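Record features, source TrEMBL:
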- H199: active site, tele-phosphohistidine intermediate (ACT_SITE)
- C512: active site, proton donor (ACT_SITE)
- R306, R342, N464, D465, R475: phosphoenolpyruvate binding site (BINDING)
- E441, D465: Mg(2+) binding site (BINDING)
- 12-135: domain 'Phosphotransferase system enzyme I N-terminal' (DOMAIN)
- 162-235: domain 'PEP-utilising enzyme mobile' (DOMAIN)
- 265-550: domain 'PEP-utilising enzyme C-terminal' (DOMAIN)
- 584-603: region 'Disordered' (REGION)
Amino acid sequence: MSSQATPTLRLSGIGASPGVAVGHAFILDRKRIRTPKLRLADAEVEPERMRMKTAIDLSDRQLAELKDQITRTEGSDHALILEAHRLMLHDPMLVDEVNRLIVEDRINAEWAVRRTARKIKHLFDNIPDEYFRERRSDVDYVADRIIRNLMGQVVDEDVEVPAEAIVVAHDLPPADAAMMARSGRVAGFVTDLGGQTSHTAIVARARETPAVVGAGRASEQISPGDLVAMDGTRGVVLVNPTEDQLALFREEQRRYLESEQLALATKDQPAVSTDGFRIRLNGNMEFLEEIPSLLAHGAEGIGLYRTEFMFLDRKTAPTEEEHYRAYKQVLEAMGGRPVTIRTLDLGGDKVPGKTKHEKEPNPAMGLRAIRYCLSNRELFRVQLRALLRASVHGNLRLMFPLICGVSELREARSELEACRTALGRAGVPVGKRFPVGIMVETPSAATIADRLAQEADFFSIGTNDLIQYSLAIDRQNREVAYLYRPLHLSVLRMLQGIVDAAKSANIPVSMCGEMAGDPLFTLVLLALGFDELSMTSGQIPVVKRLMRRVSRSEAVEMLQGAMELTTAEEIERFVRTEMDRRFSGGQEGSLLSPVHDPESEPV
Ligand code: PEP
Ligand code: MG
């Protein structure tokens, strides 16, 4: 498509993963298919019943074929699910009811299938067993297949993203983003929904794939194949840019890569301020394949391994052996450096695989993280046993997410000890004791940090959630993304309180939320006195480089000045000015993200 012929459309969203990309749009449409609704004349009833029968037969053949393929490649577990779908296709509850609606209500087959599916799902709703309730999504799956076949649409088409495409989607679940970014074919992501700390954004950053989220109606406004230039630092998307605009983007891309190269050249020098304050810089990871990149960017350890990502692209929970192998691999790869493994943080915006849970009314405040594990004990024990066994292979630290109070920590620790004892009795080697810490990511934990510090071996602050819960903003919701303010005075005071509590109890304190890796906040974090920070690989060299260019005492002075101000806007302006004064002349300037500067005029 010629970039000159079509007028340029400019969209702005939230810069969620830095970098510039130019490519052709690939629109990912995962929305439920629309069901046509028609009334039938008498003469149309019999043909409609035949149409339905043909669609069921076709669906059955497709599922049988798929089942064969999957048995060959992935084993029988997945095949069983397809067999269950085939049974559902022939279930009288479905077939008889659809035929009844066609005959009695005189409606077309697609509509009848959708209505019947709704009715069946409603029956599942009232079954207390969670397994059966989860079968609601299977009903949708089967209904969608029949409807697509009725409408002559292609089914079972694997999403094949063309090379160097910009993937545009209304919403992109973290597992899909991970899979696509993993393929190495995607140049960038643009989504209508999402915020800077939604997990899709985090995955994109981990994969160093530029991303703009919260871009309004981008998936409707961009057409397949449109030329798209996007800036994941500033949150700008240009559709069908002019030659001049493209040249500017390419220049921006060049500058960004140059600054990155510069930072990479000194990645192995430690983060020590000019007056000798040393901070250990660790990496955050979701997948084992990220380890080489973390090491290549100078990670001194792993500060957060989000183990729940093991669950997200599959239907069945990983076995103890699978957990064990993953932990052993990361511990060995890090060769004695500390590896902080977080127990499962399922729930919230991370729901297992394609078997979507029944949505909780308010997932962020629902059964997630440690709550989920304490209510699904066997799932928790499988992971704890694997961790205990893996601990012999390296320098493990274990941490529990979303701890709100001391009882939760005690309960989780006692489960760990029970697993240790059981393994010991069975003669399984479990190694020495390792540090057991907590994520401080709720205002409750922050407020009683002094008490928690008596029973936790370390703290790691999860600012993504801490900010979400303390400023009452859903981290997924673009409408309130402008309120995500790490420099809000309440956040700074809370951070100060947590660090002080850790210091008084003499336990190490780290930060592993996204705030840790944003160069704009480096001086603030140096001043606060963190022992460690943990971030995605691409951020490590830059933060190290900035740390080495300032003294802790000047950072402390700056933070004092900032905390005398009141509004988030005033504090941000102050910090930005101070950072610019120190760094804007240098190469680091283009790495200071303007995301948090509401006044910056992008591109
Ligand atoms: C956080 O909340 O800051 C954090 C690191 O955990 P997650 O982003 O996985 O919720
Ligand atoms: Mg969190």
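Here the Cβ of each residue, glycine as well, is placed from N, Cα and C on the backbone.
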Counts by DSSP class (helix H/G/I, strand E/B, coil) across the domain 'Phosphotransferase system enzyme I N-terminal' (12-135): 84 helix, 16 strand, 24 coil
C512 (active site, proton donor) as reference: those recorded positions from H199, R306, R342, D465, R475 with C-alpha within 10 Å of it: none
Distance-selected recorded positions near ligand 2 (C-beta under 6 Å), from H199, R306, D465, R475, C512: D465
For R306 (phosphoenolpyruvate binding site), the number of other Cβ atoms found within 10 Å of its own Cβ: 23
Lowest local Cβ density (other Cβ within 10 Å) among binding-site residues: E441, D465: D465
Helix, strand and coil totals (DSSP H, G, I; E, B; other) for the domain 'PEP-utilising enzyme mobile' (162-235): 21 helix, 19 strand, 34 coil
Among R342, E441, N464, which are recorded as binding-site residues, the nearest neighbour of the residue listed as 'active site, tele-phosphohistidine intermediate' by Cα: N464
Length of the line joining the Cα atoms of R306 (phosphoenolpyruvate binding site) and E441 (Mg(2+) binding site), in Å: 15
Rounded inter-Cα distance in Å - R475 (phosphoenolpyruvate binding site), E441 (Mg(2+) binding site): 13
Those binding-site residues of R342, N464, D465 having Cα within 10 angstroms of E441 (Mg(2+) binding site): N464, D465
Extent of the phosphoenolpyruvate binding site in Å [max Cα distance among R306, R342, N464, D465, R475]: 20
